[in-house]
Every structure is written in C-alpha cells, then in structure tokens.
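Okay, so here's the structure we're looking at.
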Amino acid sequence: MAAPARTAPEDDASAVLDELSRNFTYWAPGPGNGSLSSAWYRRNQIHLFGVLLAILGNLVISISLNIQKYSHLHLAQKEHPKPYFKSVLWLSGVLLTALGETGNFAAYGVAPITLIAPLGCMSVTGSAIISVLFLKENLRASDLLGMTLAFAGTYLLVNFAPNITQAISARTVQYYFVGWQFLVYVILEILVFCILLYFHKRKGMKHIVVLLTLVALLASLTVISVKAVSGMITLSVTGKMQLTYAIFYIMLVIMIASCVFQVKFLNQATELYTMTTVVPVNHVFFTTSAIIAGIIFYQEFLGAAFLTVFIYLFGCFLSFLGVFLVTRNREKEHLQQSFVDLGDIPGKQMLDKVQPDSNGLSYGTLPDGGDSTRGQCGEKKES
C-alpha cells in the first residue's frame, strides 16, 4: 500500500517536467527532438505564424515611425519647407504603418489575444535600435538592459501563452457576445468609462492616468472586435462564408468606433505629456486591458495551470519593465543658449550673436526690476 503513495509525487513531478518540456521547445521537429516537442510544434504552428506576423508588423511600424521622424527632420532643414503630408518620404512611412497594422490585424485572427497583445513591446525596442543605427541617437546602458528584458519577456510570453486553437466563426462570436461574463464586464467597463469621462469633461481632469485609462477601456473593445472580424474574414477566405452574419458588421462598427475615439484620447495625452511618459504607460495599460478582454470574452486561460499563468504574467512584467527602461529619459535636448545664429542665412554676414527681445527676462532684467530699471534710465536722462 505504501508503494503507490510514494510514486504519486514522482508522477506529478514528471507531468510538470513534461509540460515544461513542451513549453520550452518550440522549434521544428528534428532528430534530436522527442515526440513531445514534435507534437507541441505541430499543435502550435498556427500560433507561431501569428507571432511571426505580429513581430514583423511591429518591426515595420518601428521602421515607419523612424522614416516619418527623419522626414520631419529633413524638411526642417530646408529654407522653404513644404507641408510634411506632401513629402514622399513621409507618405511612404504612413504606408508602412498601414502595412504593419495589417500584419497585427491578421495575427489576431490566428493566435490568442493574450499572445499577440504583449508583443507590442517589439515596436518600442525595434524603434530604439533603428534610431541608434540610422538616426545616430545615443545607445545607453538602460537601452541594452531594457531590450534584453523585453526579449526575455517575449520568449516567456510565446512559450507560456494559452495553447488554444479557436475557429472564430460568427456563431462562436455570437455565443460569447451574449455570455454573462462579457455582459458583466461590459457593464462595469461602461460605468468606469462614464465616470472618468465625467471627470475629464466636466471637472477638467486631464491626468495621464485618466486619459490612458479611457484609451485602455476602448482598446479592450478594439482587440475583441479586431479578433472577431479578422477570424471571420480568415474563415471566409478558406471557404466558410461568415460575412453574411449580422454579428460581423456589428463587430466591424465596434472596431472602427473604438479605434477613432481611442486615437482621440491618445492624441490628447501626447499633447499634454511627453512621449517618454505616454509610450510606456500606454503600453502597460493597453496590454493589461487586452489580456483581460481575451480572458473574459474568448476564455483563453480556461483550464490553464497556475505555473503557466504565473510565468506568463512574469513575462509580461519583464516586457513592461523593458519598455520603461528603453523609453526612460528620451526627451529631446534643448539648447541652453538663448540666441539666434545668423551664420546659415544666405546674404548675411555673422558678426555676433543676436540677443533675444529686450523685454524678455533673459535679457538681463530681474523679474520685479522693471521699475528700478526705468528709474535708472530716467535719472540718466535728467542728468
């Protein structure tokens, strides 16, 4: 009777090790790989394809943002700059942005939200690398540490995200759409959104947490609708027509409307705060909201082991920390000298620096010394 009791813990430990082996082995089957890794690869091929689409899409977005940034810098150096929206370079950046977002859109159709949403950190780290290589920005120690943490977090996310394969059909979306879990979630989200919107509009509260929470609440609806629309389009392409169902167009309207208002609040945040503050906070809020939406609407973590969930959340934490380190203190350096250099103006010979307006404080007057200055001038005139 004692022997079976001793072997039970060994069986449990063996099962845990087998699960870890399946999670940590994601390359193609080969001579050195066992049957577990081969089965894991075949079972998760479509997820890995979604991961590849998301990573490539985020990298393309990084390239597009740096191209647009370079076009702005290039136009600023011209004597008579034309509007940026007429620049071929800037327009090519916009097209690349659309291409990258298309990759993300397709990724949501073939992989879980909880796997694709956190991969947005690749856009931030990729943008930092491109800025160093092509825009000659400084590479800091915090950048290297942040990139390392982001890559480590991505590795854990890919391995420990929920291994579920869902065919997102119109009937499936309808079933989840009227489920009590989603209805409770939507009611709570609407209440929080209305309260924050009241304080934002009526009380003039423009704190970054308020603005980006509004963005995150809308983003949860965006990722739910994006996955539904993308999944139904994917099934329709394979021959199972889903575009005749009303739920497809309902989700399409939700996707467009949530995106529009999301951009509106995000623009308000970028106008009031620096990008080094907005980018990491928005990444954390958006990813958290998307993960919660995927868990509640699509039930992506249903039946997952505690260890798997814990390591997945730890991977999210590493990616969040990496984004904060990469974007930390990346504000533009401002010139400390208050003068205008005439050396680059055609037909003008530079003799000295032109001082600022004599009425300004930087001209040498004290903030409260206007009366004393005028008094001294008056004494000189009387004498």
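Yeah, the Cβs are placed from backbone N, Cα and C, and that goes for glycine too.
According to Swiss-Prot, the N-linked glycosylation site annotation covers N23 (among others).
Sequence annotations record features per position, and here Swiss-Prot assigns N-linked glycosylation site to N33 (among others) based on sequence analysis.
Here Swiss-Prot flags 46-66 (among others) as transmembrane segment, drawing on sequence analysis. Sequence-distant neighbours of the transmembrane segment (46-66) (same chain, 6+ residues past either end, Cβ-Cβ under 8 Å): 26, 93-97, 99-104, 106-112, 115-116, 119-120, 122-124, 126-127, 129-131, 134-135, 158, 161, 163, 165.
According to Swiss-Prot, the feature transmembrane segment maps to 88-108 (among others).
Sequence annotations record features per position, and here Swiss-Prot assigns transmembrane segment to 115-135 (among others). Within the same chain, residues 47, 50-51, 54-55, 58-59, 61-63, 65-66, 69-70, 73, 104, 107-108, 143, 146-147, 150-151, 153-154, 157-158, 161-162, 223, 279-280, 283, 286-287, 290-291, 294, 315-316, 319-320, 322-323, 326-327 sit at least 6 positions outside the transmembrane segment (115-135) and bring their C-beta atoms closer than 8 Å to a C-beta of that stretch.
If you look up Swiss-Prot, you'll see 144-164 (among others) marked as transmembrane segment, on the strength of sequence analysis.
Away from its own ends, the transmembrane segment (177-197) comes close to residues 210, 213-214, 217-218, 220-221, 247, 293, 296-297, 299 of its chain (Cβ-Cβ under 8 Å, at least six residues beyond either end). Feature annotation from Swiss-Prot assigns transmembrane segment to 177-197 (among others).
Taken from Swiss-Prot, the feature transmembrane segment covers 208-228 (among others).
Residues or ranges marked as transmembrane segment by Swiss-Prot on the basis of sequence analysis: 243-263 (among others).
Among the features that Swiss-Prot reports, transmembrane segment is placed at 278-298 (among others).
With a cut-off of 8 Å between Cβ atoms, the residues of this chain six or more beyond the transmembrane segment (306-326) that come close are 16, 19, 23, 114, 118, 121, 124-125, 128, 142-143, 145-157, 159-162, 279-280, 283-284, 287, 291. The transmembrane segment feature in Swiss-Prot is assigned to 306-326 (among others).
Here Swiss-Prot flags 352-383 as region 'Disordered'.
Nonlocal intrachain contacts for the transmembrane segment (144-164), taken as residues 6+ away from its ends with a CB within less than 8 angstroms of a stretch CB, comprise 23-24, 26, 43-44, 47-48, 51, 112, 114-115, 118-119, 121-122, 124-125, 128-129, 300-302, 304, 308-309, 311-312, 314-326, 328.
Counted as Cβ pairs under 8 Å, contacts with the transmembrane segment (88-108) are highest for 208-228 among 208-228, 243-263, 278-298.
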